[in-house]
Amino acid sequence: MVLITFTWRYGGSQVFLYGSFNGWTDQLLMNLVEGSATVFQRIIDLPPGYHQYKFFIDGTWQVDQEQLCVQDEYGAINNLILVKESDSTPSALLREDTQSKLVSGFARSMHLEASSSCGLQLEPVMQLSANEIDVSRRRLFMLLSSSRADELIPNSGKVFALDSDVAVKQAFHIMYEQGLAVMPLWDERNAMISGMLTASDFILILLKLHGSHSVLTNDELERHTVSAWKYRKFQLHAEVSGPMIPPNRRVLLQAGPDDSLKDVALLLLHNKISAVPLLHSPEDESCVQLLHTACLAGISKHICRHFRHSLEYLPLLQQPVGNLPLGTWAREVGGRASSRVLLTLYSRDPLSSALKLLIEGQISSIPILDDDGALINVYSRR
């Protein structure tokens, strides 16, 4: 038997511990640590092996998000420890046999295509076995399934929304000054978040002006509102793709604070969008509240925070960056299919080439090279 200390660090009036070690039937009262107002502990004598556990705080079931989690056969999310005779500290592990079908579907959405470096024919080699890749996918799946979207909201900060009737020029300056690449749009008439304004919108505006050789005066720029641009963007897409649902009749892609991060990530990936508004709808059906803008970068930060003290449980994070298939790769070279040439631009290339590549390649940044092929800068949407 091994003495194990269970800790709950996040406060509460009454904290109980339940676990598979007692059949989930006995509630074990956890004691407030002397000198602390939020930390509760309970020491239990456990046999070596795997044990699932969970906390019951003031009538609500909780898991410790700082520890690794597992989904049991009933779909519930629990914490998991491995107790070893030689260790006084349990190791947190995930079961590798849970929800394989869901995991494989999630893994397909997160799939990365390996390719090579520009012109050098050097292909990144993943120093991971198929089992280690599968382990990384499963553990990411379990973490994101057990995490809620509201965990992306910072403890302090601001949330911004733009009036859809603001001028495009003013919107550009606001987003630039705030360092934002995307902002929700507020429809004052209907008292609702109606869409998102992104860096892609400004890039498309510049490309449209460049293609039509138009030069707008400051007064004309001041008269072009965001809502007018969104409708014009819809018309341009309709000309290419055929009849489409008008912007004012489309369902806004959004997430709620109780949605899992897995669902948020899949929403972003499946729809090929950069961010979604995180909205709370009060029970009294009053005006919805904008809580946050959820994006893949925020989800990545959440993953890193969770695994920062246990990198050994996510083999992917132990890989050298050079071994990962990062970058955007040309589909064709000289009319032939190829996945071995990195998309880059030279410093002498026109700005319109960079803007066009950002849109057509659906990418966030482009390596900029000098005439000798050396990296000198990175041109990005932000």
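Cβ atoms here come from the backbone N, Cα and C positions, even for glycine.
Annotation source TrEMBL lists domain 'CBS' at 152-215, 338-382.
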Looking only at the domain 'CBS' (338-382), mean pLDDT returns 83
Across the domain 'CBS' (152-215), DSSP yields 26 helix, 16 strand, 22 coil
